[in-house]
């Protein structure tokens, strides 16, 4: 190259070009790519005035405007990427506050859209104002109860007839399309309305479309002339029916969350009841249990009415000694029947409090726990149980392995953020085994904690409800604990839950027997059905292969009709769930959670249906470490098998598209789209199975709290605590940090009006951000530290609000990236014999993805460059 350029170019230009070539090579570009990059640069200098200030601003903002193109390491087709990204920036990603004259039409449309949103936001208030007289005058109040029931019956009957017509009326493709457009238009109109009315309307529209789909599936899509197609079609229809039932029950369960607030306690503390706090443990490390006991000692409650018990099913002497040192009671059984339930029932023989509060040994209660919960028991004499959320300050395997901690709602957020709140509306709150208060008298009436199943908590609440007692749920987190440390431990925990809920379904079926209200029966059944999702999920992951591999028509209908029925059913359900669940579960993430668990919960739930007494209780390990990143090949084996099976389907589908009957081409395309979606979800499951490092023994908790540090010479600095753990803190000093690494300082924290001092050592200094390591603490200092940090009343309350709102399209893009990430991990960790194949496939996909335009990474200086780009 140097000889050619020396002959063609003058020396200064040649020297600069050679320097650019060497720079490209230094950054990893191949010789061909570097040569081509120099050629493109010459063409750019010839045809584009790069010295112009506008182009200079664009070049300065290259990293923001073209985030996927590395200017220091060119690739052969970078000009195509530049062209696509530039068109995207000009057409699709422009965000100018002041529209240009040539876009007045678009500006007018935006004004109309703004007025429409304003009108929709004001609509609920106007409707409330217009209908206020109905509440004031009680226009039906003069009618007898029988007449009001008659009117209600007529309205319900008319509504059911209308719904039946909408569901069963057959349409040709055009009429079906028009009908769907009307419903879709209605959904788009109401989805932005605030309040619960929009959610109710979306539920009605979604149920209309979904019920119509199920009716169509049962009446028009089974091929009775082909045994293979009939069997495969019935299997898929079984899975779809299950999904439809869960959808309907789920809407019912969360249609009107109660959002219960605390009831204040009497000012006279003599009226406050006595409470026993149980902390059961079996094989956990003492360090895991200590924080729970220390926090319990600081609960705001009269000390003469509070008894704390360590229930040690391991019979360990160090636990007995620890209990004696801190002044709590200790019980150890000689026998260990019925695991945790038996441990608690044994303690009930000795405890005499009016209420019992149970915490898993890693769940650290806040100081306000009892004051926030017990007030309801004094107000409602039939209230037997009050449950609060299980909040986790460490990432679960999904969050840690995917790097999504506090960025996406975790798996349990939906249940504790919305489902339990919805259950509370129907008086069907479940006891979850920890972070709860139970009235002792009803608990004694049912014989203590249920021992017949491995999910003793849910079974206990079912028995309380059968006795006519009520339950309650408060969504405000009042305790926090450790999430499972590995995917295998997480799956083991879910297997136990799944087996236990199916055991309850068989042994104490909520649909039968006395004592339950209809709504309670539905809520319990939906909880049990949730854990039966394994087999239906596996069916969905393999269903399109029936047509591609076996030529079985699982949905015996034209591809156009399949699209007109299937897509609206899925889109309406996704839109409705996004509206209802958006703060607690982002769109499409349920697919990942269910896929990871499906293979493992399917066998135990099936066994429990057949033999409910089979199975044993297993304790979930907490507080472990993951020393190195690795793929859990044992856990991921089923996912890889399903990936390979679907890849075979892709290969056969491609062959059938080019060489099969022309009449089946559209059906092949539909099946291939389904297969590719399944591959994305399975890739996400593989990504979860890559265990990330977890080398901290003490998890850091992010929070903002005022504090101060004092040097040995007495000089004080005000600071803000940014995070803390059981072993240290991260602080930000307000001002200049005149502190050195290794220096010993005292940390001053406040709890209420009391100030506490803790000895620390400076572990790191980065500007005004300082890392502190706690020096060895006395028992009392450790108690004080836990109560100043983990047990603060406001520590966990705002975590839920930190999650971003759900945006379905962005969430779908996240799942696409996640799926691709899983296959990249397979390429990285696969055995050498197959690593080459995975690398070729992932490199091919990466190459295709590199052409997709990206939204610019906005910065403070990006605006002028964006404007300059639009003017070229």
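We count from 1, first residue shown onward.
Yeah, the Cβs are placed from backbone N, Cα and C, and that goes for glycine too.
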Which range of 547-567, 568-588, 694-714, 715-735 is transmembrane segment, per Swiss-Prot: 547-567
30-50, 51-71 - the one Swiss-Prot records as transmembrane segment: 30-50
Given ranges 130-150, 151-171, 256-276, the stretch to which Swiss-Prot attaches the annotation transmembrane segment: 151-171
Other C-beta atoms that fall within 10 angstroms of the C-beta of residue 313 (active site): 20
Minimum Cα separation from residue 457 (active site), reported as the residue among recorded positions 313, 360, 362 that achieves it: 360
Other C-beta atoms that fall within 10 angstroms of the C-beta of residue 362 (substrate binding site): 24
Chain residues in Cβ proximity to the transmembrane segment (640-660) (below 8 Å; excluding those fewer than six residues from its ends, i.e. six or more beyond): 541-542, 544-545, 548-549, 668-669, 671-672, 675-676, 678-679, 682-683, 686, 826
Protein Cβ atoms within 10 Å of residue 360 (substrate binding site), excluding its own: 23
Cα separation, residue 313 (active site) to residue 360 (substrate binding site) (Å, whole number): 13
Range from 30-50, 525-545, 547-567, 668-688 with most C-beta pairs under 8 A to the transmembrane segment (230-250): 525-545
